[in-house]
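Student: Pasting a structure here, questions to come.
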Amino acid sequence: MELHLHRLDYTQVGVTSQKTMRLLPALGKKSTQKVAIADHDGVVTCFGMKKGEAVPVFKTLPGAKVARMDLGGAEGTPQEKIFVCSGSQVRGFTKKGKQFLTFEANLTESINALHVSGADLFVCASYIYNHYCDCKDQDYFLSGDKINDITCVSSEKLPHLIPVLACQDRVLRVLQGSELSYDIEVPGPPSVLELFNKDGGEEVLYGTTDGKIGLVQIGDCDAATKWEIGNEKRKGGILCIDTYDIIGDGVNDILVGRDDGTVEVYGFDSSREPTLRFEHVLTESVTSIQGGCVGKESYDEVLTATYTGWVTGLTSEPQRAEAVQGDEVRLSKETQSKIEALSAELEQLQVKVLQGREQYQQSSQSSTAVSAVPVFSINDKFTLCQDDASYSLTLEVPTAIDNLLLQSDVPIDLLDVDKNSAVVSFSECDSQQPNGNFLLATYRCQANTTRLELKVRSIEGQYGTLQAYITPRLQPKTCQVRQYQIKPLSLHQRTHSIDPDRPMNQLSLVGQFSFAEIHSWVVFCLPEVPEKTPAGESVTFYFHNTFLGTQIEATYCKGEGTFKSDNISTISILRDVLSKEATKKKINLNISYDINDDSVSHTLRMIHPKLEYQLLLAKKVQLIDALKELQVHEGNADFLIPEYRSILDESANLLEEYKKQPAHLDRLYGMITDLLIDKFKFKGKNVRTKVSSMLQILDHYDLNSLLDFFSEP
Amino acid sequence: MVPIFTLKLNHKINPRMVAVGKFDGVHPCLTAATQAGKVFIHNPHDRGQRPATHRLSQSTQDSDISLLNINQAVTCLTAGTLGPNTTGDTLLVGSQTNLLAYDVHDNTDVFYRDVTDGANAIVLGKLGDISSPLAIIGGNCALQGFDYEGNDHFWTVTGDNVRSLALFDFTGDGKNELLVGSEDFDIRVFKEDQLVSELNENETVTSLCHMHGSRFGYALANGTVGVYDRTARYWRIKSKNHAMSIHAFDLNADGVVELITGWSNGKIDARSDRTGEVIFKDNFSSSVAGVVEGDYRLDGQVQLICTSIEGEVRGYLPASKDLKGNLMDSNAEQDRIRELSQRRQNLLLELRNYEENAKGVSQTNSGMGVIPANTQLQTTLSVRAATEAQKAHVELSISTPNETIIRAVLIFAEGIFEGESHVVHPSVQNLSGCVRVPIIPPKDIPVDLHIKAFVGGRTSTQFHVFEITRQLPRFSMYEVTEDSPAAPAGTVSFSINERPQRVVMWLNQNFLLPEVVESPNVTFHSLRGGGLMSFHMASNGQITLTTDDIDLAGDLVQSLASFLAMEDLSVEADFPSYFEELRTTLTEVDEFHSVHQKLTADMADHSNYIRNMLVQAEDARLMADMKTMKKRYRELFDLNRDLINEYTIRSNNHNALLARLKSVNQAIQRAGRLRVGKPKNQVIAACRDAIKSNNINALFRIMRAGTASS
């Protein structure tokens, strides 16, 4: 059965955070549901739709920014009490808007995840988890990395609720009281958790910031992964999930909202495997998603809230055929009155704004007045994409972006993104000048662009800062700068285990440094390390290189640290950066290293299949045009040898593959060059002169001759 | 709206070389240039097997397609009515050296002409008062029009290599004018060989198309697409992709054509001719090659036909009436509400800005970038001569009056930077309240500098954006000097009937002067070439310009003439060194020509050898005389190498010849640019005659005096 949903915009509130819109339970079987939504202005709005118009039930006064919303209520009654958190405070409202709870959690950090179940309240703030029952402190847990979301599973088999935390270091932590029961590794940093069955159960859905979805069954002492959906098409990260039977086949479907504006519905086929049944792309991040009935009774719909506060329904109600009278398109009455009301409001606003502008202008005459424009909200994300080893930067603001200036003090490459329609222009960076710019690029955006996506390719060993200056089309014009660190080992990603059989090089540090100091150096060198110093005496982190597949094991404690990697260049970079950082703090480091000569040939062997594939691909792609010409000339391709014929047959795939990985070969060459230089650097030799002869070998690549070249003294 | 037909032709299509022609007078055929110097003709209507003779051969892959061998890389192609008594359309194919007019139906050449200036663009139709339709080709700085017999009835020169042409009634006088888009960023309008208008753009003009009335669409190499009505630009948009082909077609059936653009990323969009608003879009999987129209289904309705470089073809019918011009899958009401709400949101945010600002903030929050309300930026433009550290440039200095700093400066301007913007971003240590931006405009054009300066405190994360627009005068790279040690040899003199004050006004407006000048006698020092340029006006209105730069002289004359609204101006000029250069160039042209002929003859000889040798070698093989066969093939191999070498020589020779011819054409254009109006056209026509009759002395006389007889 094919799913057809039509888009209907309902209303707009302020900028919203993730999971801040919920549907209140329906009163009768067929009636429409009310929508509760909270925004960054701190306003909680509850509204219902009447004749296509949003009729507010209640609206609270502005206050601190609301980070999360959940519904609750006494067990056995409809879950229709609204709970919101802002700062370290949790407030509760009845469905009529009466505030019945104000609870100060007294946490040092603001709450960013919330779960309510009966009298139990679970809150999470960065690293801290707290459980309250009837507002009394129950349990407490300190997580190893940032907590992104929380949910609780319950079942008849289990005596009490089991909280599950989604943590940034790619694990779900399952708690028992104040203790960690066990953790579950997931394929990406989890950003959202949702119960698969709303009435409880042990199955939990998770979504990751790199766009993957999965289902795990939480058991007493371990968990089982049911299924996973990858993200081959490189869609955005998951921000919200809900379950609802929108298809109408009696099985709950999964509704998914992503940060690139994609809304998806996954249904289940007979083999209980999720399959994509519907997709729609909105222009901005989908922060909340719910299934229910809002616009018109007995028509199910997917309700979404976006970053800028739009509440939009994707309804199964068939689109009204536009009534045609004479030759003019008649607007439906409801919309007409809506448009009129809006226009009237606009006019009033216009007058107010003009007054504001005038006052602002006048203040510029005074010599004592200051101009301070409030900070506008930016929703940004800078993440490493695993599959092409490049960083993706997304920026989103509530109004249209006018232009964006990118500045970097490290050499990086900007890649073209198809979705991005802005006109980019690179400005000359004079390397002579003392300004240290390696990249200056402006993006002039097309009208109504509120979201920009960029791709950046970094080089390991070159580190610094990428700055983005965002100017929205909003008077008085201001721009805001955001900084993103390009770390020395920027292409590495956290993992939870490494292959122990590889030949490893080791770098050991001994010196008068504290645990916190060495941790801060590791944070400086490697991505995805929590900024907070881990609890305990010592800690071990594992990483793998997304481009080459080499790995790092970092173990350190107060006064001592060891770093192991099968890639000698990684060790070399670590040595340089760590000693530099230590020197900055005037700490004397005793660095020793243990170089395993086998590791170089091991790394070369790891590169080999990639390099061979790329070389072959480049060669084939080079031939395509010539072969096609021959084909046209001769009328057919039968006379060609089978190898060439197969190139012709696969030409489309080959070209696509080639396009997908720009400069892949150059990057591999660069890494092999680094490997050569680093190998001999540890032996105290400078081999820059040998690089050109190595490049010659690469031109006629053969693994053995390259290995021989590397093993030359 | 979906395409009513799609075809996969299995032949690549060269961009911009697509046409539809009714070669038998009835059936429209899609015709396009493809790889390997071939042109394919897709004729799905007439499936009769035709004998493969002459140039035409049937494709073995697809019976609907016939291939035409040109044996040269095709550079342009069109189809249409050329001759008076032909049954169908004539196919015209241009290459870098030749123009072929071909009758597909009869399978014969109509004519085959050498065109030394190449054919980058072609257009077919009537021009001005010339009675027969012409095939007009644009090459390297030259325009040439041929009738059905291959006689050239039209010839003129233009400023640079021609990239696009269009024929339509620009002036509204009932006769067609020729629009020429060229690599010097100009669109020129020719009424026969008289230049009537010149529109300046900021990139190579790659496509031109007539819309309706005096309105036409254009596309530039930097991704700009827009619409002009005569000389006024209606709208333009810029994309990061390149416009491959533009075409006018009434897709929404409202009686007015839209501008259909095919982009390099495979997108097709239709934009309203008034506003540029997109009313329809679709996507191909590869770059669009060309957009044409024709009644391809033979049902009386004309379709828009779009082709991609991979040979995919889609046809679209104009929308039916009940769609109300709403071609996109959207709901107008919803869009309207959304737009209004967006505006409301914007106003609310702006209002909040003012409210919060009025409330005032604690000074502690330095991240917000609080600045004194009376902060105003000062900008100054000045000319800076070359120093050891820096090249000569125009300096734009921007400064704040108080302790605030300028974090970064963005300058958006057209045509003077590599991209469309220039950024100055000082490092944290070098932050100050004053930023100096060196600007080196590559050409003498007036430019609007749109400056955006980010002003705030040293530790701010949010900055105020000051937006200022300054105009850079046309002749900004010239510095006033007092001494003139050696006056340049080149002179231009003419007399005008104007008060000196008006000329002084022109000087002040068009040059970047440190202080306002009072007298019209000034000497400048060019920061680009370093040569001198002096301007002198006698009391009788006689103006003398001395400079060695003929281009500069031309620019000055044109600028002054348009400032004083002079329609005609005849000038006497002398540029000894440039003329000397031109004389050598002309002799070189002759040399290269003779070399070219000799090489062509050699090539013919060689091909005879090849034939002989091949026959001998194969004979030897049949007779199992392996030794002789090997020998023959070795000889053949050597000959092949020789041929390749010769080819390199020939192509070098050809390129050198082209470069010389281009500079000759440019010389004529430059001589023309020293005059205005009628005298200008006379000079160009007379120069052309002089070159035709190979009278070099007359050529120089014309360039100096403006007429042949004196």
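Every residue, even glycine, has its Cβ placed from backbone N, Cα and C.
Copying in the features that TrEMBL gives for the protein in this structure:
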COILED    B:330-364  coiled coil
DOMAIN    B:19-125  domain 'Ciliary BBSome complex subunit 2 N-terminal'
DOMAIN    B:164-271  domain 'Ciliary BBSome complex subunit 2 middle region'
DOMAIN    B:390-475  domain 'BBS2 GAE'
DOMAIN    B:481-564  domain 'BBS2 platform'
DOMAIN    B:576-673  domain 'BBS2 hairpin'
DOMAIN    B:678-704  domain 'BBS2 C-terminal helix bundle'
Student: Take the domain 'BBS2 C-terminal helix bundle' (B:678-704) and find every residue of the same chain, 6 or more past its ends, with a Cβ under 8 Å from one of its Cβ atoms.
Tutor: 155-157, 193-195, 568-574, 579, 582-583, 586, 664, 667-669, 671-672, 710
Student: Find the average pLDDT over the domain 'BBS2 C-terminal helix bundle' (B:678-704) in the predicted model and report it.
Tutor: 84
Student: Per DSSP, how many helix, strand and coil residues does the domain 'BBS2 hairpin' (B:576-673) have?
Tutor: 95 helix, 0 strand, 3 coil
Student: Where DSSP helix means H, G or I and strand means E or B, what are the helix, strand and coil counts for the domain 'BBS2 GAE' (B:390-475)?
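Tutor: Going by DSSP assignments, the domain 'BBS2 GAE' (B:390-475) contains 3 helix, 47 strand, 36 coil.
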Student: Per DSSP, what is the residue count of the domain 'BBS2 platform' (B:481-564) in each of helix, strand and coil?
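Tutor: DSSP composition of the domain 'BBS2 platform' (B:481-564): 25 helix, 23 strand, 36 coil.
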